[in-house]
Every structure is written in structure tokens, then in C-alpha cells.
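Colleague: As listed in Swiss-Prot for this protein:
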type	residues	note
SIGNAL	1-18	signal peptide
CARBOHYD	Asn37	N-linked glycosylation site
DISULFID	Cys130-Cys157	disulfide bond
DISULFID	Cys135-Cys142	disulfide bond
CARBOHYD	Asn141	N-linked glycosylation site
Amino acid sequence: MLFNKIISLAATLATASALPFAPAPRSISGGVTLINNLSQDLYLWSVSGTASPMVTLPAGQSYQETWQINPTGGGISIKIGCSEDGSDVLQYEYTKVGDLLFWDMSSIDLSSGSPLVAAGFDVSIDDSSCDTVTCAPGDVNCSESYQYPDDHNTRACSSSAAYTLTLGTAN
């Protein structure tokens, strides 16, 4: 009986030590990582034809989403807010078409007094041929984010690249 326990324990330890241990990745290929550098929690919804359940993104933490396809056509919008009611949101919008990702940032539904505007945000991509976005802290009219529905801020890049949206560039 003791022999069986020793063998079982040895097997468990050998298996556990063989498993790779790595910290959570900063960004993922084929998706987007959102990093919350604000001093408050943020609330996220991934919206296609319907909204996903709300996700709380604690201060100092990150959230990852692999590219989704809208089953009813059109794109996906990750809505990012400072309150749980879903109002006053910054949006990371994307549509995956084959190997391309068409994406943009939208501040249309974001008030000028939002902590997200005060903190600033940027999108970086691990493919240097791709356009990125930087909206400086306090820039209420950032030209790199949609302010009006008829703006021209949609970008395209490889869908296999790793995209990182950093919320709170001032910290």
C-alpha cells in the first residue's frame, strides 16, 4: 500500500514538473489582448448579433480574445466601459475576412469626460507593416479613432498578427 502511494506520488510529481509553466502571454497571435493600466476595473462586452456576458477586467490585468466571426454577417465590437451599465464605451471593432483583419477604434459612444479619454489608449501590432493607433491622454478628438460614423479610420492587417490594446497609456 505504501509502495503504491509512493509510485502514485512520484508519477504525479513527474507529470507536474514536465508541464510547462509560463506567465500569461502579453499578446496572442490571431487575436487581441486588452491591457487595463487604469486604476479602476473596466467592463467588456464582445458584441456580434448579440452581446456576450459582461467580463470584468480588473485594474492591472489583461483580457484576451481570439478573432470571432459574426454568424449573422458584419463585424464584432468589443465594447469597453468604466461602468457595468454598458453606456459611455470605447469600441475595438473588427471583421475577419480570410487572412485579413479590418479593424478600428471608435470613440463615437465615449464621452469626453470618460476616464478612458483621460488615460489615453493605443493599439500596437507585432507586424511592423501594419498601422497602429495612439490616442494621447486627454485627447478628446483623437483623429486615429472614429469620432463620427463617416470618419475614415478603418485599418487592415494580417489576422495572424498579435494585436494589443493598451488602455491607460499614461501609467
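Here the Cβ of each residue, glycine as well, is placed from N, Cα and C on the backbone.
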Colleague: Can you tell me how far the Cα of Cys142 (disulfide bond) sits from the Cα of Asn37 (N-linked glycosylation site), in Å?
Modeller: 19
Colleague: Mind giving me a neighbour count for Asn37 (N-linked glycosylation site)? Other Cβ atoms within 10 Å of its Cβ, every protein chain shown.
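Modeller: Taking all protein chains shown, Asn37 (N-linked glycosylation site) has 17 Cβ neighbours within 10 Å.
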Colleague: For Asn37 (N-linked glycosylation site), name the DSSP secondary structure in the helix/strand/coil scheme.
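Modeller: Coil, per DSSP.
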Colleague: Using only C-alpha positions, which one of Asn37, Cys135, Asn141 is spatially nearest Cys157 (disulfide bond)? These are the recorded positions in the record.
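Modeller: That would be Cys135, the closest of Asn37, Cys135, Asn141 to Cys157 (disulfide bond).
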Colleague: Just checking the recorded positions Asn37, Cys130, Cys135: which sit within 10 A of Asn141 (N-linked glycosylation site), CA to CA?
Modeller: Cys135
Colleague: May I ask for the distance between Cys130 (disulfide bond) and Asn37 (N-linked glycosylation site), taken between their Cα atoms and rounded to an integer number of Å?
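Modeller: Cα of Cys130 (disulfide bond) to Cα of Asn37 (N-linked glycosylation site) measures 24 Å after rounding.
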